[in-house]
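*Asks:* Got a structure for you, written out below as structure tokens; questions coming shortly.
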């Protein structure tokens, strides 16, 4: 699913469902290899202020069915891989099997459930396996080797968190990220993507040069939408192209 890939995150229904589709397609056309679509949630413990703000705004006129509508509209125009990022509660409330089946039929390729540890994900993974949905699991810099190997077995790719804490833009990539990446690449057989704090072309260049198979950029895009609202399309195009230059 990923190989020297730029993965770009957007919040579903922010500022509207229609604009989310437009922003996703713009990023895909401008150099994003994978699109990550976030399901708004009222208690996003892994996310920093920028993405939290987008969730608060998106939830004002939100229903989960719109996530599937966004995915379907995107899939009609693009064959780029689509990863759905969600907390477990919205999935549980709809019903795990119903949610996964609907997501898959809408064109979503993989799901990342932020607050579902791999060792508690057996039933969820089983439903995904029956449906055809791929899984992505989060790994921290200090995830024990045995857990990392188990995640690797279950994941389409491993999403390595670059540092401790929450999502958000940072001035530089922590030395811890490079240490964690080297360790993960020595253990995992699946691709490893690095996220949390990646926001500049130089960050992308450094991480890809260090062996990352992909980089995830979220807060930088969401910040543009926070600032520009529905007028963010061309800024999204420019940022995607700039980040893409870091892969060369």
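Just so it is clear, glycine is given a Cβ too, placed from its N, Cα and C backbone atoms.
What Swiss-Prot records for this protein is below:
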ACT_SITE  36  active site, proton acceptor
ACT_SITE  47  active site, proton acceptor
*Asks:* Quick one: Cα separation, residue 36 (active site, proton acceptor) versus residue 47 (active site, proton acceptor), in Å?
*Replies:* 14
*Asks:* Return one of helix, strand or coil for residue 36 (active site, proton acceptor), based on DSSP.
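*Replies:* DSSP assigns residue 36 (active site, proton acceptor) to strand.
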*Asks:* Measure from the Cβ of residue 47 (active site, proton acceptor) and count the other Cβ atoms within 10 Å, all protein chains considered.
*Replies:* 25
